[in-house]
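Since the structure comes first, as structure tokens, the remarks are kept for the end.
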């Protein structure tokens, strides 16, 4: 034993589980940089759009280009025909109203629609007060899992809420997961490709104002294009066709705004009905509420107040907040003859407990304490005549150390199994 030469074992490779648990030190990120949804962020996380944000450029063009043609070709005759600067006022109203519509568009598409923050881990069944049932496959012959639905009381009516496996949470009432943005959105109405964003609790008001204002803008341009044609007919004493030939832009805008007004006007009327009955587009097509079944309907007046006169809730996401990281580094493993890299800074350590399937969070200090206790066991191989001391079982003398399965599991998890195996070999020769 005295002549045996102890060599430093090579540093073991990190296991796959270790690679998932131990995170390398990286520059601190903000929430929007580590976002798991499909959203697109601009201006350092101040603006959030859907993944189809490019369609927003098409929508802007469909609004702005007709107004430019109106101001450039139609308004000139209106300025000449109307006295006391009334023509200039007509053109100014069109331009200002267009800017207002674009502002509503960006308020709708560039803000958090009401995204529910996703959980890092699934909730425990006990924490949610859920009773496990044998009706669903998750509770048969395996570890306990979560029921797919829960019953929630809303205004005296029992409503079922679903569990979202992507966000790992039970969705609040009226919440749904958008497959395009990959987020759960409160009071989800629909995903609008024209604005490139989900329509939910925090932007539905601005969406309705945008659609209704666009309808008014179309009617405004439509009306004054007709006025321009009437002025031409009176000035040249001609019919409508000849007036159209003298001002073709007016005729094109009349056709364009007529079609657009039917589209956005119909959308405005539909959402006005939804507001008065306190429904969402998703609920209307999925559940087909009538007046007696809708638990959210509080009467027309109260429903309108809820949409237009209630305070817009604060976003539950702080997109510019920094991701929390613990910069504590772990000490070197002296008994193993190597130094653990200081790059292995920890945010947290999760140890998978055998048998139960539950995860227990271990912070850096607890990890270091566990590591030191394992080192005290392995350190006895250098001085086998000296007893090794540990806080788990008092003192252990030469030859009577029995390494428990828990200790072996910890050592294997953190790359220290090599020293323990050598320790067992030494004891076998004694």
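Quick reminder: no glycine exception, Cβ is built from N, Cα and C everywhere.
Annotated domain 'Palmitoyltransferase DHHC' per TrEMBL: 162-286, in sequence order. Each residue in the domain 'Palmitoyltransferase DHHC' (162-286) has a pLDDT score, and their mean in this model is 94.
Residues annotated as region 'Disordered' in TrEMBL: 117-149.
Per TrEMBL, transmembrane segment is recorded for 56-74 (among others). Panel annotation: around the transmembrane segment (56-74), residues 49, 91, 94-95, 98, 101-102, 105, 109, 194-196, 214, 217, 221, 224-225, 228, 247, 249-250, 252-253, 256-257, 260 of the same chain, lying at least six beyond its termini, place a Cβ under 8 Å from a Cβ of the stretch.
Counting only same-chain residues 6+ beyond the ends of the transmembrane segment (86-108), those with a CB under 8 A from a CB of the stretch are 56, 59-60, 63-64, 67, 70-71, 75, 78-80, 192, 195, 197, 199, 203, 206-207, 209-210, 213-214, 216-217, 220-221, 224. Sequence annotations record features per position, and here TrEMBL assigns transmembrane segment to 86-108 (among others).
Among the features that TrEMBL reports, transmembrane segment is placed at 206-229 (among others).
Summarising the annotation, TrEMBL assigns transmembrane segment to 249-276 (among others).
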For the domain 'Palmitoyltransferase DHHC' (162-286), the number of residues DSSP places in helix, strand and coil: 76 helix, 17 strand, 32 coil
